[in-house]
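First comes the structure, then the notes that go with it.
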Amino acid sequence: MIDTLETEPSAAAAVFGEQLALGRAFTTNLATHGEELGLIGPLELPRLWTRHVLNCAIVAPLLRPGLVGDVGSGAGLPGLVLAIARPDVNFVLIEPMERRVAWLNSQVQELGLQNVEVLRARAEETKREGSFDQVTARAVSALRTLLPLTAPLLKRGGELVLMKGAGAPAEIGAAEKAIRKYKLSAVEVLVLGEGILSEETRVIRATVG
Ligand SMILES: C[S@@+](CC[C@H](N)C(=O)[O-])C[C@H]1O[C@@H](n2cnc3c(N)ncnc32)[C@H](O)[C@@H]1O
């Protein structure tokens, strides 16, 4: 099915609230420029709104006021989408690729987002260890290799909110050593969007220290 910005309207209204027009504006920009800029594959364009934007936005209620780092933001998923949905939260989008950083900066400017800093860096080279209340990531790497990139960025008591596929429980099993090394507790898989989105979103959530 090819979706439009009107697909799944109740989920869209619930996750974006008053920010819905901005969420749609970002999606339109990404649909228009995403393929030529190498941000989104042609096969993903027909389901950009539901599978990518709404699937990211559904994570918004898990965030709390404070500073969130999004590792490997790429086209802005989930970081820019979450920054739109949660203007009460500050975000640092961490992305090493110049072209993607230029895209993220252009969207921050065009959409007038006041709560976003874009940082061109690899996560392990940011020098922002211990800075963030929460860290998000989506489609960057398997949990075992993602933890060394994300966990050190958190303050003590901070939280990882990592978007994952159906293999999330197996990823946790394979990451046991890293989970111990980074002193993660309350490691859990949350399934979001059940009965609201056509495709549910899975999140691995864990606390550090
Ligand atoms: C497959 S893309 C996913 C992008 C976006 N999160 C999404 O869900 O569409 C992976 C992104 O992670 C970035 N990346 C890879 N290694 C990284 C690292 N060590 N630190 C920060 N970002 C990294 C890449 O440049 C790329 O933009």
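Just so you know, glycine gets a Cβ as well, placed from its N, Cα and C.
Taken verbatim from TrEMBL:
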type    : residues                             : note
BINDING : Gly72, Leu77, Ala123, Glu124, Arg138 : S-adenosyl-L-methionine binding site
Which of the three DSSP states, helix, strand or coil, fits Arg138 (S-adenosyl-L-methionine binding site)?
strand
In sequence order, what residues of the same chain, 6+ apart, have a Cβ less than 8 Å from the Cβ of Glu124 (S-adenosyl-L-methionine binding site)?
Pro148, Leu149, Pro152
Taking the Cβ of Gly72 (S-adenosyl-L-methionine binding site) as the reference point, list residues of the same chain whose Cβ is under 8 angstroms away and which are at least six residues distant in sequence.
Ile94, Glu95, Ala123, Ala137, Arg138, Ala139, Val140, Leu149
Relative to the Cβ position of Ala123 (S-adenosyl-L-methionine binding site), how many further Cβ atoms are located within 10 Å?
23
For Arg138 (S-adenosyl-L-methionine binding site), just count the other CB atoms lying within 10 A of its CB, please.
23
Any idea of the Cα spread of the S-adenosyl-L-methionine site, Gly72, Leu77, Ala123, Glu124, Arg138, as a max distance in Å?
19
